[in-house]
Each structure stands twice: as C-alpha cells, then as structure tokens.
C-alpha cells in the first residue's frame with residue numbers, strides 16, 4: 001500500500017456503463033418482455049438461468065418462505081431479527097408528517113407526504129446474495145408505509161427453482177409480501193412494465209450485475225429507480241491514537257468487496273502510516289479473498305500523510321467518500337467540518353461492518369463522490385409529496401391583480417384570464 | 001373538446017429524448033467545453049447566440065443587476081417581491097433538522113442534514129424567460145442554506161449582451177449571488193465540469209430547450225440534476241357546483257403553454273361537460289395564443305363524464321396529473337382519496353395560476369404520470385444526508401458476535417475479522 005503526499009493524491013473513479021453489446025442485449029430483453037410478458041420472462045429465464053418454469057411457478061409461495069427457516073441455523077435467525085429491529089428503529093425516526101398551514105385570510109397551504117403504492121426490490125442470486133441488502137432495501141420501504149413490496153431474485157441454477165434460504169428468511173423477517181423467482185434484465189422489465197403474473201411497480205431498487213444496472217437505466221421514467229452504485233469506498237481518518245490492526249482490518253473489509261473498491265487512509269501520524277502498511281500486508285495473507293483485496297489495495301489503496309486532522313478533513317471533503325471512519329481523539333468535535341461523506345463512523349469501535357450489518361443506519365450509501373449531493377437510502381426514497389392549495393375568496397380577491405400582473409409579464413394571457421374571469425364574475429355576484 | 005367515457009379514455013404521454021443529431025451535437029459541445037473551458041464556451045456562444053464575449057464579460061455584474069430595477073415597472077417589483085415572500089414562507093416549513101439518537105448502551109446514531117455547497121440554475125432566454133421560474137428554483141435552494149447559487153442564462157441576441165431585466169430583478173429578489181451570460185448545452189457543461197471563469201457546481205436545475213435537457217442528462221453523475229419536465233398537464237375534477245367559465249379558463253391556461261400540454265375535465269355533470277365544451281370554444285377565440293391552445297385542446301384535451309366524484313378520483317389516480325383542480329362541493333373531504341397528483345388545488349378560487357405565480361408552493365411539479373413516485377421541487381432537493389454512527393465499547397462487545405455471524409453468512413471474512421481483531425485485542429486489554 002503506497003504512502004503519498006496529499007497534493008499528489010488523485011482518486012480514479014469510474015462507473016461501468018456496459019459495452020455496446022451489453023446495452024444492446026438489455027434493450028432487446030426489456031422491449032421483448034414489455035411486448036410479450038410472461039412468455040418472454042420464462043424464455044429468458046430458461047436461456048440465462050437454465051431453469052425451466054411455468055407461469056404458475058414464478059411466484060414463490062408462502063410455504064416455501066416458511067420452509068426456509070428449517071434450512072438456516074438458529075443463530076442466523078436471531079441475528080438477522082436483531083439487525084432488522086435496529087434498522088427499523090433507526091428508519092422510524094426518518095418518518096415525516098404531512099402538514100398544513102392555516103393562513104389568516106382563510107387559505108390553507110400544505111404538503112401531503114404519502115408512501116409509494118408498490119415497490120420492487122431486486123436481490124441478486126449466487127454469491128452476491130446478501131441477506132443484509134434485503135433488509136436495507138425492504139425495511140425503509142415498509143417503514144415508509146409502502147403496502148406492496150415485491151421481491152425478485154433469480155432461481156438458483158444448482159438448486160433448480162430453489163432460492164437461497166438465507167435470502168428467504170431475511171425477506172420474511174423484513175416483511176416482503178410477494179416474491180418471484182426471476183432475475184436479470186427480464187426481472188427489471190417485468191417490474192417496470194408488468195406481465196400477466198407480475199404487476200407493474202412504481203419504483204425499483206436493489207443491487208445487481210451490469211445487466212440489471214443497465215436495465216434499470218433503461219426503464220427509468222416508466223418507473224423510478226434507485227441510484228446505480230459504483231465500487232465501494234472507505235476513507236479512514238486517523239491520528240496516533242488509532243490502532244494499526246483496526247485500521248488495516250477496516251481497510252481490508254472494504255478491499256475484499258471488489259477489485260475496483262478503494263481503501264484510503266488519511267493520517268497525521270507517519271508512524272501509523274508505516275504500521276498500517278505492514279499490518280495490511282500481514283492481514284492480507286490470511287484473507288480468503290486475498291486476491292480480490294490485494295488487487296483493490298494495489299490499484300486503489302493509498303495512505304496519505306497530512307499535517308493536521310483539519311487538513312485531513314479537507315482531503316476527505318474532496319473525496320466525498322461513501323464510508324468515512326474517524327479514529328482520532330475526540331472524533332465528535334470534528335463532525336461539523338465534515339461536509340461530504342455518506343456515512344460517518346466515529347471512534348475505535350465503529351468499524352464499518354457495524355454499520356454494514358447491524359447498527360441501524362442504511363448500508364446503501366452514495367459512492368463515487370456523489371455524497372456531495374446524494375444521501376443514504378432512507379424512508380424519503382419510498383415516499384412522495386403533493387402540494388395542497390386552498391385559496392379562500394378573501395385571499396383571491398386580495399391577490400388577484402398581482403397574479404394577473406405576473407402572468408401578463410410572462411406573456412401568458414390565458415393564465416391572466418383565468419384569474420380575471422373570476423374577479424369579474426364574483427364582482428357581478 | 002371531445003366528451004369521452006372513462007373506460008374509453010387513454011392519455012398519450014411522451015418524453016422528447018431528442019433526435020440522433022441533437023444528441024450527437026450535445027455530446028460534442030459537452031466534451032469540448034469539458035476539455036477547453038472558457039474558450040469553447042465563448043466559441044459556442046458566438047456560434048449559437050451570435051454574441052461575441054470575452055471571458056471578463058461572461059459574468060453579469062452587480063451594477064447590471066441593480067440597473068435592471070430602473071427598466072421594469074414598479075408594480076412588477078412589488079408583485080414579484082410579494083410572490084417571493086410567499087414562496088419563501090412556504091418552503092421554510094419544509095426545513096428539517098439533523099437529529100441524533102442517544103442509545104442506553106452509550107452509542108449515538110444520527111442523521112446529518114446539510115445544504116449542497118453550490119447549485120447552478122439554468123434560466124432560458126427569449127420568450128421562455130419566466131421570472132416566476134427563477135423564484136421557484138432559487139428560493140428552495142436558498143432556504144435549504146445553499147451558500148452559492150449560480151445562475152446562467154443566454155445573452156439576448158437582440159439586446160447584445162443584455163439580459164431580460166425582469167429576469168435580473170427576479171434573480172436579485174430571490175438572492176442569486178453569481179450570474180453568467182451563457183446558455184444552451186455549453187452552459188450546462190460549464191456548470192458540470194467548471195471552466196476558468198465558472199466553477200463547477202454540485203447540482204444543476206431549471207428548465208430549458210431540448211439541447212439543455214439533453215446536456216443535463218449527459219452530465220448527470222458528474223453533478224446531480226433535477227428531473228426533466230415533460231409537457232404540462234391539468235386535470236379538473238368538477239361537479240355541478242362548478243362554473244363552466246372558470247373550468248374552461250383554467251383548462252385553457254394549461255393548453256396555452258404548449259401544443260403537447262394536456263387539459264382534461266373529469267365531471268359528474270353532463271350539463272357542465274357541455275357548458276365547458278361551449279365555453280372553451282368561446283374563450284379560445286379570444287386568446288392571443290389561440291393556435292397553440294387549440295392544438296393542445298384538439299389533440300390532448302378531453303372531457304370525461306363519470307358517475308360519482310369517487311369514480312372521478314379513480315380516473316385521476318390513474319392519470320397521476322401534474323396539476324389537479326378539485327371544484328366540487330366540500331373538496332377537502334376528498335383529499336385522502338387522491339393518491340397521485342403533484343399539486344392539488346381545492347375549490348373555485350384556487351385556479352392553477354394562483355399556484356403558478358403566487359401562493360407559495362412550488363410550480364415545478366412532476367409531469368407525465370411521474371407524480372406516482374416524484375414530488376414538487378422543494379427544500380429537500382437542495383440538501384443531502386449523512387449517517388452518523390458512534391458505537392460505544394459496551395455496544396461493540398455486546399453485539400460483536402452477531403455482526404461476525406452475519407458477515408460470515410455472506411462469505412465476507414474480511415468484514416468478520418475487522419470485528420474479531422477488536423474483540424480479541426480488547427479482551428487482552
């Protein structure tokens with residue numbers, strides 16, 4: 001892991017928009033499913049997942065979900081339940097009320113906040129099937145009040161139609177009411193446009209491979225989508241009070257995700273920089289996913305030595321990282337200076353996996369520097385607002401002329417006349 | 001205006017994604033400005049706006065903004081100021097506080113809500129230069145606490161470098177701190193990537209022509225963008241207590257915007273349907289923008305007769321209109337049933353222009369049925385959130401094993417070890 005000066009540091013960032021072939025294939029799948037419905041969904045499932053289904057077998061039954069509980073260990077059920085409770089409790093605090101303002105002239109102005117009607121959650125199959133992601137997508141929607149939460153996940157190739165029981169248990173714990181065994185671009189198209197078996201949703205969220213990501217981009221507008229995640233990132237900001245073993249382990253927990261992941265240490269301590277460098281090497285050798293983590297550390301890992309914590313925060317604000325760990329003395333005193341970071345972990349015990357799995361805040365966090373303007377997934381992502389305007393006769397008569405004046409300045413005479421016709425007829429009585 | 005049965009009604013909706021040539025031209029402009037900065041901006045301004053500028057002349061001076069006050073009538077200044085006050089007051093109610101949760105085990109969990117650092121607002125030139133749009137984009141950003149609000153608008157061809165004084169006054173009243181005379185795709189590229197004279201922003205909003213819309217799509221990811229508006233829409237839901245003159249005038253105020261605009265009446269009264277039909281024809285003939293309004297009414301206008309207000313609301317929920325006027329007896333009693341509408345106007349005096357110009361709620365509202373999942377522009381659009389996690393030693397020791405268990409179930413051993421190394425070393429002391 002290389003040590004670099006702050007002024008020499010530059011982070012390469014890139015988002016995968018797919019090859020032309022991938023884009024073409026996704027467009028083809030989406031438009032075919034849109035036209036042909038179930039039959040196309042089943043055809044693509046046979047072709048890509050090598051599983052033959054009938055329309056009746058698309059939906060995962062309640063019995064199947066319940067049977068999954070017998071296939072997972074008891075500790076898992078209790079851990080996932082505890083995590084779900086923490087996540088639910090945190091997200092409950094994000095709920096907002098509709099409000100109304102009662103004006104002295106008799107008017108009412110307000111904002112109505114409502115849950116979306118129906119949301120689709122994509123859950124990848126295979127090795128990327130993460131029960132924690134099920135919780136992080138489903139629970140905020142449920143807390144928002146979304147009545148229909150639909151999950152789609154590809155049928156496991158090896159297990160025939162079977163779905164990973166850990167995913168099923170997580171879904172049941174999170175409160176998924178409807179589930180289909182379908183994956184890839186065909187699943188996204190089915191959710192966006194509807195088929196005979198799968199009704200159209202209002203929003204699609206959840207992670208997926210490049211085909212899923214491209215399909216989400218393709219259907220955006222017909223439905224809402226969540227943001228498309230880039231590679232995961234961590235920045236650790238540490239002073240000489242931090243333990244090198246903890247810093248190194250946290251950097252590696254990020255690096256093991258993906259060769260494209262970035263793990264960066266920003267520190268005021270040259271000694272810590274060297275200790276972490278050695279410790280990363282030592283811990284790397286014992287990691288099952290050593291190859292992935294090493295590739296990430298070699299290409300995207302850096303240690304930056306700075307003169308002060310505040311100078312370190314300047315570097316952090318430029319990076320706008322997805323995850324920021326602050327392992328310095330009195331970390332709370334620095335929070336106000338951190339302008340751009342998706343999630344901020346304070347102190348030696350707030351290791352990133354604490355937030356990834358358990359503490360309560362969402363683990364779906366803006367990547368690729370988008371923390372400058374974007375936010376972790378939350379309850380707001382599953383609600384929408386409507387404005388409410390009731391203008392009283394008194395308010396109308398008092399302000400009609402101003403409105404006419406403004407409309408005429410924009411050359412919109414029809415707007416002016418909608419007001420004028422009322423002023424005229426109301427005066428006639 | 002045709003009268004149709006609810007079951008026969010279907011609304012054609014479409015979004016303009018531009019021709020291949022337009023897309024190609026926009027990509028070219030964006031990448032050239034990104035590479036060459038100011039010099040490219042000035043070249044495209046000369047080419048497209050026929051105005052020759054030097055870099056020093058790009059920025060609109062404070063003096064120019066102040067001088068605009070002498071060029072507009074006094075009534076306008078007082079009307080726009082009153083409107084700005086109303087808009088500010090309404091949006092102030094949307095402000096939210098960061099919060100923190102103090103856990104019994106010593107942990108802290110929270111959500112920090114912060115304004116974006118720097119926002120760019122595009123304001124079209126020529127006939128589409130609407131002072132009201134300046135207020136509706138700038139004020140929510142300002143209320144959110146955005147410190148740098150940058151406006152861009154094309155130099156007027158006829159007036160040389162001059163900018164519409166009504167726009168300048170609206171900008172000054174709304175609190176714009178920085179303004180540049182540049183328009184089109186080159187303005188969007190300059191805001192997204194920065195040039196020598198114009199610093200990069202975090203988000204770009206505001207309406208524009210097809211080139212501006214395509215450029216916003218192109219730069220999305222480098223910066224955030226607002227949604228790209230489709231044609232404007234109104235649905236009026238009325239019973240036999242509504243006056244045909246008001247309904248017709250409101251339908252036409254929408255139709256005059258654009259040939260693609262939709263104006264739809266849903267009514268329980270066959271008599272009102274016929275009266276509105278006649279009244280629309282009568283008012284149309286006196287409208288300066290008759291040609292546009294007539295094209296809109298002919299292609300996208302409809303009157304739908306329903307059996308009850310609740311049946312009418314079913315039609316409304318399917319349409320998910322941008323604007324909904326409810327002109328029935330006791331309109332407030334129906335609000336809970338209206339699930340999908342961007343802005344809801346209640347009663348005979350809440351004509352849409354009341355909201356377009358004056359009442360306070362934002363006039364930038366989701367179009368094209370996206371009110372199913374999207375919201376009017378508000379203060380949230382100019383803020384972003386960060387999660388805050390401080391885990392105490394007590395919390396860590398109590399929950400470490402659960403976190404390790406969940407991480408191992410996902411095959412992420414590095415995550416498990418980041419927890420394990422701490423448990424081990426803390427026990428050693």
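Residue numbers in this text run from 1 along the chain shown.
The backbone N, Cα and C atoms fix where each Cβ goes, glycine too.
Binding of substrate is attributed by TrEMBL to A:254, A:257, A:323, A:356, A:410, A:415, and the same site annotation extends, among A:232, A:302, A:375, A:392, to A:232.
In the structure as shown, the Cβ atom of residue A:323 (active site, proton acceptor) sits within 10 Å of 27 other Cβ atoms. In the three-state DSSP scheme, residue A:323 (active site, proton acceptor) falls into the strand class. Annotated pair residue A:254 (substrate binding site) and residue A:323 (active site, proton acceptor), C-alpha to C-alpha distance, rounded: 9 Å. Excluding A:122, A:186, A:209 themselves, the residues of that chain whose CB lies within 8 A of the CB mean position for the NAD(+) site are, in sequence, A:124, A:152, A:154, A:183, A:184, A:185, A:187, A:188, A:208, A:211, A:212, A:215.
The maximal spread of the NAD(+) binding site, taken as the longest Cα to Cα distance among A:122, A:186, A:209, is 13 Å.
In the three-state DSSP assignment, the secondary structure recorded for residue A:257 (substrate binding site) is coil.
For residue A:322 (active site, proton acceptor), the count of additional Cβ atoms within 10 Å of its Cβ stands at 29 [all protein chains shown]. Taking 8 Å as the upper bound (exclusive) on CB-CB distance to chain B, the recorded positions A:122, A:209, A:323, A:410 give A:410 in sequence order. Residue A:356 (substrate binding site) and residue A:322 (active site, proton acceptor) are 12 Å apart (CA-CA, integer value).
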